[in-house]
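> According to Swiss-Prot, the protein carries these features:
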| type | residues | note |
| --- | --- | --- |
| BINDING | Trp66 | chlorophyll b 1 binding site |
| BINDING | Trp86, Ser92, Glu105, Arg227 | chlorophyll a 1 binding site |
| BINDING | His108 | chlorophyll a 2 binding site |
| BINDING | Arg110, Ile161 | chlorophyll b 2 binding site |
| BINDING | Leu155, Glu222 | chlorophyll a 3 binding site |
| BINDING | Gln173, Arg184 | chlorophyll b 4 binding site |
| BINDING | Gln173, Phe270 | chlorophyll b 5 binding site |
| BINDING | Glu181 | chlorophyll b 3 binding site |
| BINDING | Lys221, Gln239 | chlorophyll a 5 binding site |
| BINDING | Asn225 | chlorophyll a 4 binding site |
| BINDING | His254, Ala263 | chlorophyll a 6 binding site |
| COMPBIAS | 45-54 | compositional bias 'Low complexity' |
| REGION | 1-65 | region 'Disordered' |
| TRANSMEM | 106-126 | transmembrane segment |
| TRANSMEM | 136-156 | transmembrane segment |
| TRANSMEM | 160-180 | transmembrane segment |
| TRANSMEM | 228-248 | transmembrane segment |
Amino acid sequence: MQLSTPPEVPDMKNTYSNNECPAAEQELCSEQGGRAGKSTKKGAKAVSKSSSSANQFYGPDATSGWDLQHQHPRLPTGEFPGDYGWDTAGLSADPETFKRYRELELIHARCGLLGALGMVTPELLADEDGIKFGDAAIWFKAGAAIFQDGGLNYLGNPSLIHAQNIVATLAVQVVLMGLVEGYRVNGGPAGEGLDPLYPGEAFDPLGLADDPDTFAELKVKEIKNGRLAMFACLGFFVQAIVTGKGPIENLTDHLANPAENNAFAYATKFTPQ
């Protein structure tokens, strides 16, 4: 017994044009045309969804994953270095406030970079090169070394001028930082209109900002590493309070005995017994 195959339904859209489709077959033509239109729309939506997903987190078309209702416009538009649209507190709602916060973040990020470096370098030099810093190698004990005999010993070199007066040290620091900050805020020594955040010139002796593409990349690297440095400095502060040791000594202790020297082990010491 041989089974007969069902007859194939002709593709009316390919057989006839819109104007040539016979009246008796108009219904079949319309059905196939509707299916084709739906398929085309689905394909267009898929392409649109694929292309929009690339801009989901970056650039002016990005949407914030934290704002599920999208009830307010997304103001960080990706035009600033390190802007990825994460502003759950709405700190960028007011442009003037956002401008101020951006300036404060960048200045503190730079201070964090220098501060984190200054917190670990004396300890590294004391351990690796054997420079006799004494207690001044620990960053939170360095200031107290001014009150010791001989004052603050720079690099263990007796021929250098050592800080022995905390008032004079503070005054010199205020003057030096005031001159630099005044230069930056006023746009140069004679109000030359330099960018207060990226003044260049004397602040860029190596010419790192000469190439625009390289400069844009360095801006992002600076703010990202600066944010990490600020968190690192916060961690160093907490370590100093909890352990009474510097960051390098804490790291050495942790590597020697991770089970006993870690954040959880120290946290349990402060729990009620």
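Using the three backbone atoms N, Cα and C, a Cβ is placed for every residue, glycine included.
Just so it is clear, the model here is predicted, and its values are computed rather than measured.
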> Count the Cβ atoms, other than its own, that fall within 10 Å of the Cβ of the residue listed as 'chlorophyll a 2 binding site', considering every protein chain shown.
16
> Out of Gln173, Asn225, Ala263, Phe270, which of these binding-site residues is nearest Arg110 (chlorophyll b 2 binding site) by C-alpha distance?
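Of the binding-site residues Gln173, Asn225, Ala263, Phe270, Asn225 has its Cα closest to that of Arg110 (chlorophyll b 2 binding site).
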> Against which stretches of its own chain does the transmembrane segment (160-180) lie, if we need a Cβ under 8 Å and a gap of at least six residues from its ends?
143, 146-147, 150-154
> Could you pull out which residues elsewhere in the chain have a CB under 8 Å from any CB of the transmembrane segment (106-126), counting only those six or more residues past its ends?
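For the transmembrane segment (106-126), the nonlocal Cβ contacts are 132-133, 136-139, 142, 155, 197, 222-223, 225-227, 229-230, 232-233, 236, 246-249.
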> Check the Cα distances from His108 (chlorophyll a 2 binding site) to each of the binding-site residues Trp86, Glu181, Arg227, Gln239, His254, Phe270 and keep only the ones within 10 Å.
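So the list reads Arg227.
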> Taking only the binding-site residues Trp86, Ser92, Gln173, Arg184, Lys221, which one has a CA atom nearest to the CA atom of His254 (chlorophyll a 6 binding site)?
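The smallest Cα gap between His254 (chlorophyll a 6 binding site) and any of the binding-site residues is with Lys221.
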> Out of Ser92, Gln173, Asn225, which of these binding-site residues shows the lowest number of other CB atoms within 10 Å of its CB?
Gln173
> Write down the Cα-Cα distance for Glu105 (chlorophyll a 1 binding site) and Glu222 (chlorophyll a 3 binding site), rounded and given in Å.
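Each residue's Cα considered, Glu222 (chlorophyll a 3 binding site) and Glu105 (chlorophyll a 1 binding site) end up 11 Å apart.
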> Please determine which of the binding-site residues listed here (Arg184, Lys221, Arg227, His254) has the lowest count of neighbouring CB atoms within 10 Å.
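Counting other Cβ atoms within 10 Å of each of the binding-site residues Arg184, Lys221, Arg227, His254, the minimum falls on Lys221.
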> Relative to the Cα of Asn225 (chlorophyll a 4 binding site), which of the binding-site residues Ser92, Glu105, Ala263 has the closest Cα?
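In terms of Cα distance, Asn225 (chlorophyll a 4 binding site) lies closest to Glu105.
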